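Trainee: Before I ask anything, here is the structure I am working with.
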Number of protein chains: 2
Amino acid sequence: MLTRINKNNTQELAAFIAGRNQEISSDVLIQVSEIIEDVKENKDEACRRYTKQFDGVDQKTFRVTEKELDEAIQQCDPDFCKAMQKAAQNIIDFHQAQRQKGYRLQKEMGIYLGQRVLPLESVGIYVPGGRAQYPSSVLMNAIPAHVAGVKRIVMVTPPDKQGKIHPNIAYAAKIAGVSEIYKIGGAQAIAALAYGTQSIQSVDKITGPGNIYVAAAKKMVYGKVDIDMIAGPSEILVIADEEANPEYVAADLISQAEHDPMASAILVTTSQALLEKVNAALQRQSAVLPKKDIIEASLRDYGKSVVCDTIEECIDISNAVAPEHLELMNKEPEVYLDLVKNAGSVFMGYYTCESIGDYFGGTNHVLPTSGTARFSSALGVDAFIKKSSYLHYTKEAIEAYGKEIIVMAKEEQLQGHANAARIRMEDKQ
Amino acid sequence: MLTRINKNNTQELAAFIAGRNQEISSDVLIQVSEIIEDVKENKDEACRRYTKQFDGVDQKTFRVTEKELDEAIQQCDPDFCKAMQKAAQNIIDFHQAQRQKGYRLQKEMGIYLGQRVLPLESVGIYVPGGRAQYPSSVLMNAIPAHVAGVKRIVMVTPPDKQGKIHPNIAYAAKIAGVSEIYKIGGAQAIAALAYGTQSIQSVDKITGPGNIYVAAAKKMVYGKVDIDMIAGPSEILVIADEEANPEYVAADLISQAEHDPMASAILVTTSQALLEKVNAALQRQSAVLPKKDIIEASLRDYGKSVVCDTIEECIDISNAVAPEHLELMNKEPEVYLDLVKNAGSVFMGYYTCESIGDYFGGTNHVLPTSGTARFSSALGVDAFIKKSSYLHYTKEAIEAYGKEIIVMAKEEQLQGHANAARIRMEDKQ
């Protein structure tokens, strides 16, 4: 049953959702910084040692060959492959619309200035291994990089006990435009991507989810390379009116709750009657699901409900929470979309369950968590480009505007700045 | 004299430039975290106490009134005001071209999806006080926020010994679209912006330069709010051919060196003869400048030169360094711009000194330092927007594509995700 929150306690609810982030313990930080230093110094040898220690595999080389990739892919379920292909195409379509162009302004006296949009030269994508594997996450990270024009897209993923790559991960990499794959995981993989080894060339940015060691390593190498946002526990906020089907609402709340005991599912509704039906459906549906224990823990500790008078009031609450996922399960969701100010991704109407977006619809599933949708965005093409400005002045132009530059520089007590303009103005050549 | 580097030691040069970042000492971190906790708990009272302690002023209120603002502005040099107005207009023109629009894709069976571009709701801009004051930096931070459509732009700046705001800073705020000004500085100002006090409402993002305490505080509140990149020491790389005027080259290298003893000025040239003339000019020009000591320390410790055979080779070196500022003081700079992959801002030709861009040209002067231009961009409108995606499926669409979602969810062992799709497909209402 979802814990009931009074609609006037919105700020407390927002703080509760934002406050779930896991602290990284100093034990983990120390261990990870030792691994990073070791990989910086001993490169491939250190990577091999850690892979033996943590993954139980002694590998001479990390790179997945074409042959190994093809053999892995042979083992995939053909229906899964077909679904992945369609999903990949939808994701490509959505992200292609995000491509940006540079611009140039031409002004008086031969002055021009502008901005170029350039892809990053190389990107590393971390893909977790172990029992749970997420091929959808390979698509969501690699496709935007590929669409952005990144030439070198490097995937790292831990080997299984037999030293193999998971077939589904291999297939996802193949269709998403990954250019190099290495079987290495954990903090050692992040260190190798950031600093380079004999066999793995360093990259400019690292994205992708991982466990607490991977997250700690990403934080530590940030600055040397760029990283994506470190995701906190996931959340969904469902706004539902009295016509929403309580079975759908419950199913969607559960699909969030099954990720993690710290995931949060929040129902904000105009209907007390619906809330009661949803609570009953949550119990019934979760009882038969494999991840029953996780779901029950998540709903018990982080499941919340709020009853409001109007959909506008529901949206005010959502804007304060700034949820990663927002479902608008009300009539005319399009009318209300404009009121939504803070949400990673919005799922519109009664039939758009979050899992469509998680896998298939085309929008990105890497979204800002824990209230950070107030100021940040889904992963997309923007994450894999940089913008570089340029400016051109002629002799005539610096003679015309040099005095403005000199007066501003002098007020800031930077005479050297003034001098660079003056020297060009006074030059009578 | 610039230390000569062999052109084959490019990687060492790049690592040297990237490695200048100042570590924040644990003393500073502890002090700053105490201030933040104090402001979180005691709000205005703590802010007043720290302002008394650090700025020597006991203020009952922090907000700068309209009257106070107008009085301050009266004291500005009219020539400075005219220059600032022109600069502001150039900055507005350049940044307006960065505005982005959302998009929407309409697909089969009533499916649609898209992305909305939304301004952040509120932004805080830190402006340092003390003897050096940088009104240009107010323009560079506030104008992009204003162009992005941010409604609430809050400036914080420490009061002077008389409890006043600096006239030039006041004027810059007035013309840059700042909506609230508070006389408060240091870590306490950052804490107030992040957590809010009785008199200062919290914001979604904090930008702007500051001393080591401000930088530490920004790092600590990151996550609660967004922050801009924490700038390292500044650098310029000048590419010059044999026709470049050595006096201009020297003046531009000096304009970087005068910022900070850790600033780096690098000359990469195809002409040994030019290098010798530049070294002589550096000595001559810096001898008569007020910041002579800083310039000499910077050039001695961080000034470098490289001689290459071709301009292409010079650009390869620049791409490895990824400088904050790059000057192309060679013939036909436009032909070579395409080869430049990593640079915050590029100054084209013999007459475009960096100080035009620092103050007046319109491009932003808040740029990625220490090699981070490999993966990041100048401050601009992008820093003050967020993107929110949306997705709509109809009953017909989920019936058509539900099986793809189910097969993908099952492979990831997320039955709850599959269930949310299945329940809608099987519903025969």
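The backbone N, Cα and C atoms fix where each Cβ goes, glycine too.
Those TrEMBL annotations? Automatic predictions, nothing curated.
According to TrEMBL, the record shows the following:
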ACT_SITE  B:E324  active site, proton acceptor
ACT_SITE  B:H325  active site, proton acceptor
BINDING   B:Y126, B:Q188, B:N211  NAD(+) binding site
BINDING   B:S234, B:Q256, B:H259, B:H325, B:D358, B:E412, B:H417  substrate binding site
BINDING   B:Q256, B:H259, B:D358, B:H417  Zn(2+) binding site
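Provide an account of the burial state, proximal residues and distances for the features listed.
Mentor: Under DSSP, B:E324 (active site, proton acceptor) is assigned to coil, being neither helix nor strand in the three-state scheme. Long-range C-beta contacts of B:E324 (active site, proton acceptor), restricted to its own chain and to partners at least six residues apart, with a cutoff below 8 Å, comprise B:S234, B:E235, B:I236, B:A343, B:G344, B:S345, B:L367, B:P368, B:T369, B:S370, B:A373.
Cβ contacts within 10 Å of B:Q188 (NAD(+) binding site), excluding its own Cβ and spanning all protein chains shown: 29.
Using a 10 Å Cβ-Cβ cutoff, B:H325 (active site, proton acceptor) registers 25 neighbours.
For the recorded site, B:H417 (substrate binding site), the DSSP three-state label reads helix.
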Trainee: What residues, ordered by sequence, lie under 8 A Cβ-to-Cβ from B:H259 (substrate binding site) and sit at least six positions away in the same chain?
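Mentor: In sequence order, B:P233, B:S234, B:I294, B:S298 meet the Cβ cut-off.
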Trainee: Just going by other Cβ atoms within 10 Å, which of the binding-site residues B:N211, B:Q256 has the emptiest spot?
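Mentor: So among B:N211, B:Q256, the binding-site residues given, the one with the fewest Cβ atoms within 10 Å is B:N211.
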Trainee: Less than 8 Å, Cβ to Cβ, versus chain A; work out which of the recorded positions B:N211, B:E324, B:H325, B:D358, B:E412 satisfy that and list them by sequence.
Mentor: B:D358, B:E412
Trainee: Cα-Cα separation of B:H417 (substrate binding site) and B:Y126 (NAD(+) binding site), in Å?
Mentor: 45
Trainee: Is B:E412 (substrate binding site) helix, strand or coil when read with DSSP?
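Mentor: B:E412 (substrate binding site) sits in coil per DSSP, no helix or strand.
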Trainee: Taking the residues the record says bind NAD(+) (B:Y126, B:Q188, B:N211), how far apart in Å are the two Cα atoms that sit farthest from each other?
Mentor: 13
Trainee: At the level of the C-alpha atoms, what whole-angstrom distance separates B:Q188 (NAD(+) binding site) and B:Q256 (substrate binding site)?
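Mentor: Here the two Cα atoms are 30 Å apart.
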Trainee: Using DSSP and collapsing to three states, where does B:N211 (NAD(+) binding site) fall: helix, strand or coil?
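Mentor: Where B:N211 (NAD(+) binding site) sits, the three-state DSSP reduction gives coil.
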